[in-house]
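Enquirer: First the structure, then my questions, so here it is.
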């Protein structure tokens, strides 16, 4: 009996090992496929966005883009300061695929959407007065309503992301982008006002919600608030609530400052340069949310050693994909602006080059920070983000004080480098700090940009 039991145990172990191997292979295949799909679809979306941008700069005045940048700043601020990682709960919660839990997540998101709109309405007039443009207040309120609309989206996106199956999600994103862009350009051709961009935000939100039910799988959710589900969402979400508030400081505090110290025309040029500089950063962020986050979540379930080994390969691949594009923008930024835009936007060339330099450290940092949320260590993530926000805000304030717009951009570069030790401290206990990879990428970037600038800018 003992020999037979031992043989059975060995067969069970082999069976479990084979099952685990198949699971790892399946996850790896899905991660590779998802990365390819997300990269291609986001590239298409960015090309559509760029084409729209080029057309709109020929139809609308520069100050329109400056005004809209400030409007979006208020709306995004309220969004980030009220984010509780609601959708992420479907991805990494053990009950994420249960209908009752999804109903609770969906209902919580809708409640948040209405509260968010009320916050935006309260902020609208004071912020418009701060920027010496009270006419922006109604625009802020109207754009803010888009978050109410989007709160009704299907939970199908989060379910697909949980399983690292992104094809339908990306089709949904690209199709939304195409339809809304065509309508935006058509409206701008006949109605050359900033209100075109305001109304377009509502149209895009509505299209996205409708298509989420037509294209994405999953059961239809109903209004439900399950006590245990709400407790888990709040427990996981309150540190995210604080840390995403600090994310606003990292991403938008420069716009708040510039809205006060520059003209709307200068801010419009800045917004064009920022849109170009952020394309690759946004692509990596999109990939991190839709692919890396669920992949890290699944890898973390298999142990820290397995997570570390795969993290190196994943991050090295992403950096190899992203950095060459950033190098090209940092070297040829002024020529890119001159090629694509009219002469009144040429001042954005030097801005674009400095923004690209700052993006290098941002991308290096961005590919590692999400690991903390994937392993549900949202408290450490909150502390890390808070320290990063303080560093960034102090750096750009000092830069803006002494050097205006140029000083602010230099301050952003200094901040992106200075926050790395904080990130290393945060992720090191989980054995996913990779200093050789990070410093290698940073050093190589410095060499390429230096010699590229010496050769092509001399």
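Using the three backbone atoms N, Cα and C, a Cβ is placed for every residue, glycine included.
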Enquirer: Tell me which of 64-82, 83-101 corresponds to the transmembrane segment entry in TrEMBL.
Expert: 64-82
Enquirer: With the transmembrane segment (314-332) as the reference, find which of 64-82, 171-189, 352-375 contributes the most Cβ pairs under 8 Å.
Expert: 352-375
Enquirer: Same-chain Cβ contacts of the transmembrane segment (387-413) under 8 Å, 6 or more residues past its ends?
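Expert: Here the qualifying positions are 246-247, 249-250, 253-254, 257-258, 261-262, 266, 270, 350-351, 354-355, 357-358, 361, 419, 422-423.
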Enquirer: Which range wins on Cβ pairs under 8 Å with the transmembrane segment (433-456): 64-82, 195-216, 268-288, 352-375?
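Expert: Looking only at 64-82, 195-216, 268-288, 352-375, the most contacts with the transmembrane segment (433-456) come from 352-375.
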Enquirer: For the transmembrane segment (195-216) against the transmembrane segment (137-159), do we get 3 or more Cβ-Cβ pairs below 8 Å once near-sequence pairs (under 6 apart) are dropped?
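Expert: The transmembrane segment (137-159) and the transmembrane segment (195-216): touching, yes.
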Enquirer: Go through 31-52, 64-82, 103-125, 171-189, 268-288 and flag the stretch with the largest number of C-beta pairs under 8 Å relative to the transmembrane segment (137-159).
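Expert: The stretch with the most close Cβ contacts to the transmembrane segment (137-159) is 103-125.
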Enquirer: So what's near the transmembrane segment (268-288) in sequence-distant terms, Cβ-Cβ under 8 Å and 6+ beyond its ends?
Expert: 35, 38-39, 42-43, 46, 49-50, 53, 57, 61-69, 258, 262, 318, 322, 325-326, 329, 333, 336-337, 341, 344-345, 347-349, 351-352, 355-356, 359, 362-363, 366-367, 370, 405
Enquirer: With the transmembrane segment (31-52) as the reference, find which of 64-82, 103-125, 171-189 contributes the most Cβ pairs under 8 Å.
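Expert: The listed stretch sharing the most Cβ pairs with the transmembrane segment (31-52) is 171-189.
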